[in-house]
Amino acid sequence: MFSIKFKTTEELPEPSPRLIDQVIGQEEAVKIVLSAVKNKRNVILLGDPGVGKSMIVKAVGEILSDFGEFTPYYVIAKPNLKNMERPIVEVIDGEYKEDSKDMPKLDFKAPSSTTLLLIMIGAILLSEYLLKYLPQNYLLAAVTITALIVLIFGFVIILTSIMGASRASMPNNLNPMDLKPVLLYECKKRPLVRASAYNVTRLLGDIKHCPLGGRPPLGTPPHKRIILGAIHEAHRGILYVDEIKTMPLEVQDYILTALQDKQLPISGRNPNSSGATVETNPIPCDFILIMSGNMDDVYNLRAPLLDRIDYKIVLKNKMDNTLENRDKLLQFIVQEIKNNNLNPMTYDGCCEVVRIAQYLAGSKDKLTLRLRLLANIIKMANDVAMGKDVEELLGNFDDKGEYHPETQKDKSNKVYITAEHVRKVFDTGIYSMEKQVALNYIKNFKRYKHIVPNDEPKVGVIYGLAVLGAGGIGDVTKIIVQILESKNPGTHLLNISGDIAKHSITLASALSKKLVAEKKLPLPKKDIDLNNKEIYIQFSQSYSKIDGDSATAAVCLAIISALLDIPLKQDFAITGSLDLSGNVLAIGGVNEKIEAAKRYGFKRVIIPEANMIDVIETEGIEIIPVKTLDEIVPLVFDLDNRGGAERFN
């Protein structure tokens, strides 16, 4: 399984602390992103959730210091005395140091009533001293001088009080502190700034609302209400925007302007705010743009913006099941255990994680790269090993679907994560909402479904296989075909809503009629007038939307059975698509469908030969691969009991 032998992950070396070394399966994408950043090119990363888009950007952010020299800078906001609604924002190279020269001198304020009272008491005490201790010949001069000092001092106090009151009554009065520049941002190393596309204020900046009108002396001046956006904080660095599906069109226009002009002003975003009338000068924002999203998110971007993205990278969601890649997956397991302080995992547990990676990839020779999902399974298996039940596990999911385990405080009693713990998490589906819904549906509805495996042969009755939604759970569908004499021949589909399914059933009907009419099948010949046959096809007890072409072979065989009145054996289930030449084509979800056939108790399952490379488990049921419809006919028709077969049930 792995190139190294071990009993538990405790014996394995610790993973590298560098994120760039912890990226699994996306090495080519990492090289391209590094090259793009080095050459100052814009990048968009597309791929399934959990394949490592954000991790790649974080890993690149850790080594930004290696991309040449960087000049630190800081951003300050100053008032514009000519127009207070147009504050000035400056980007200044160097490290920020608050200069005492920038501190404005405060206006002299009128003394308080307490100060005046103390001055009066002091004057009275001074007068008492002079009257009591000074000689009579100096008394008149001393009193005169004291009176003049008190008079001058009182005049100054009254004058400053009057001027202060008159200044306070002015509508545009500015306190000197309101003239002081404000530090908005200080950048000491090359920045990597992350922002979500839906948060316009965080991305583009804003002007805060002032309930007092935004004008001194009561209000806060505009330059003190500026919120710098991520687009400006990323100056001389990287701006990483995720969730591009939620990006409004107006935000795309602003980003496009910033990419073109390398500068962008900040204005009030809320038209009902006092900041709506405020706009700064254009602020430098020369950055490298990296965006990420799912595959279909790219269609929400404007063409001019998409044209300015130099590298469009699609991340892989699978990798080949080789010894080298299994070792990488083992490295990932060790990383998760180390980073989340989990219990060690046994060798069998690691092998079970690899098996689950095969299932999630849908093939025996592939391993999934949806590593966030695997990480959730590993963390939940750790909790199962510690004795937690399902309800406790479900309570540790966050809004984004990521699982956060509780760390084990007491490790005196060593606990190991085994294959049984990992398998329990996977089989119960607690890592996926869709799988839980599908499992509950099957559990509650299975006893009502009229499916009788290994029953007597029947005419026009066959069992097909399907996968329920996105949960990855297979199910068995009973298909019934009935032929009626009619003047208006045709094919009628019951309980089928998907367009692909309708087209595939039409193909199956046409192919079955062609084969019966040409009498080329290895079956008893029978003259049939197809011009007066009305065909009804029912997917029995199917209440959800049915789509896809994997039931084409099953429907074709059921129609042939009904037309020729030859019974079909009931000990098998079948899946596979067909072309008009009768070739059996590959389908998806083959492992889930085989599991469904085993769960219902069928002895055999027939699948396309092209899907044999995808089959993971072969025990418990006979798996028959086929290439053409001619190979299937001898396997499924009961030619010995034609007369006594049931029509349908």
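Using N, Cα and C of the backbone, Cβ positions are placed for all residues, glycine too.
Positions annotated as active site by Swiss-Prot, on the basis of experimental evidence: SER550 (among others). The number of other Cβ atoms within 10 Å of the Cβ belonging to SER550 (active site), over all protein chains shown, comes to 27.
Taking a C-beta cut-off of under 8 Å and a sequence gap of six or more, LYS593 (active site) has these contacts in its own chain: LEU465, ALA466, VAL467, GLY474, SER550, ALA573, THR575, ILE587, VAL605, ILE607. For LYS593 (among others), the entry in Swiss-Prot reads active site.
The annotation ATP binding site is assigned in Swiss-Prot to GLY47, ASP48, PRO49, GLY50, VAL51, GLY52, LYS53, SER54. Neighbour count (other Cβ atoms within 10 Å of the Cβ, all protein chains): 20 for GLY50 (ATP binding site).
Marked as domain 'Lon proteolytic' by Swiss-Prot: 456-639.
The topological domain 'Cytoplasmic' feature in Swiss-Prot is assigned to 1-114 (among others).
What Swiss-Prot lists as topological domain 'Cytoplasmic' is 160-649 (among others).
Per Swiss-Prot, the feature transmembrane segment maps to 115-135 (among others).
Among the features that Swiss-Prot reports, transmembrane segment is placed at 139-159 (among others), with the record citing sequence analysis.
Taking Cβ-Cβ distances under 8 Å and a sequence gap of 6 or more within the same chain, the neighbours of SER54 (ATP binding site) are ASP242, SER292.
Apart from GLY47, ASP48, PRO49, GLY50, VAL51, GLY52, LYS53, SER54, the ATP site neighbourhood in this chain, defined by C-beta within 8 angstroms of the site C-beta centre, holds SER292, LEU315, LEU369, ARG370, ARG372. GLY50 (ATP binding site) falls outside any helix or strand according to DSSP and counts as coil. Just so you know, the Cβ of VAL51 (ATP binding site) picks up 27 other Cβ atoms within 10 Å once every protein chain is counted. Ranking the binding-site residues GLY47, PRO49, GLY52 by how many Cβ atoms sit within 10 Å of each one's Cβ puts GLY52 at the top.
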